[in-house]
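Only one structure is covered here, and it is reproduced in the block below.
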Amino acid sequence: MVHSSPPAVKMAGKIVVLFDFDRTLIDGDSDGWVVAEMGLTPLFNRLCSSLPWNSLMDRMMEELYSQGKTAEDITECLKRVPVNPRIIAAIKSANTLGCDLKIVSDANQFFIETIMENHGLLGCFSEIITNPSFIDQVGRLRIFPYHKSSSSPHNCQMCPSNLCKGLVLEHIRASNPECGRQRFIYLGDGKNDFCPSSKLGDGDCVMPRKNYPLWNHVCSNPTLIKAEVLEWSKGGDLERILLQLINTISNEGKIVVSNSILSNPSDSKSQTIPASAHELCPHTHPVQN
Ligand SMILES: [Mg+2]
Ligand SMILES: [Zn+2]
């Protein structure tokens with residue numbers, strides 16, 4: 001996809017940066033971390049084919065409760081989840097620069113808030129859009145789907161029933177029509193990040209993590225992506241590319257094409273890799289190892 005240079009438009013709105021959580025904001029997978037660290041791998045592997053992800057994680061929390069593990073034990077486990085220092089710096093800088101930062105994740109509220117608070121990042125985000133969770137009256141952590149209705153809560157074929165991130169993006173876009181144009185930057189790695197990526201418009205940007213499923217889908221379906229595409233691999237890349245992008249949008253009101261994996265169609269083809277190598281469920285991978 002080659003973007004011809006549109007006339008530069010001075011930015012009149014704001015920059016909204018949407019972060020996926022697992023394998024994007026943190027390097028690993030928060031659900032997988034808790035399952036592995038708290039000794040739930042055998043039960044998880046036994047049940048993973050019969051329960052949807054959301055119900056499976058709620059069942060894992062029930063198991064912890066039945067073993068006498070408390071929410072504090074889960075908190076202590078989550079406090080050991082590392083966050084790349086370059087990504088911490090990128091989030092703090094983007095926040096200081098006036099961007100509106102949000103997390104859109106299929107993990108859950110308790111895990112994400114605990115990890116972000118532990119790294120001093122919770123206050124940088126205006127919103128965390130994820131599966132809700134709470135500690136019930138007996139002290140068990142409960143996890144529920146973001147979209148509440150169990151029968152076809154959304155019409156999206158690309159997303160799991162509990163959360164369509166594309167629908168979330170459309171709600172965010174529609175929620176502030178009075179404050180001018182919103183420019184979106186979406187960072188993600190997973191297959192369920194393709195739906196929101198495909199709903200971004202010209203002037204927005206998607207930052208897929210290289211060699212992860214979203215990157216593969218974007219490379220394989222360039223005509224479905226209207227946004228600029230800037231890939232990244234490590235935390236340092238994320239920081240550099242994100243801050244450069246924010247700077248460029250702020251100053252010029254348009255997005256540069258440098259670093260774009262889709263700026264040359266032949267390049268994008270040469271980077272396309274067989275889908276089979278990248279279709280592993282991102283959630284189950286660490287747990288099985
Ligand atoms: Mg992810
Ligand atoms: Zn969707």
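Here the Cβ of each residue, glycine as well, is placed from N, Cα and C on the backbone.
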Query raised in the report: D189, D202, D204, D237: which one does TrEMBL list with D20, D22 for the Mg(2+) site?
Result: D189
Report task. Consider only the recorded positions D20, D22, D106: which of them have a Cβ under 6 Å from an atom of ligand 2? Write none if no residue does. Result -> none
Query raised in the report: Listed binding-site residues: D22, D31, D106. Which have a CB under 6 angstroms from an atom of ligand 1?
Result: D22
Requested in this report: Could you check which of the recorded positions (D20, D22, D189) sits closest to D31 (substrate binding site), going Cα to Cα?
Outcome: D22
**Report entry** Those recorded positions of D20, D22, D189 having Cα within 10 angstroms of D106 (substrate binding site)
**Finding:** D20, D22
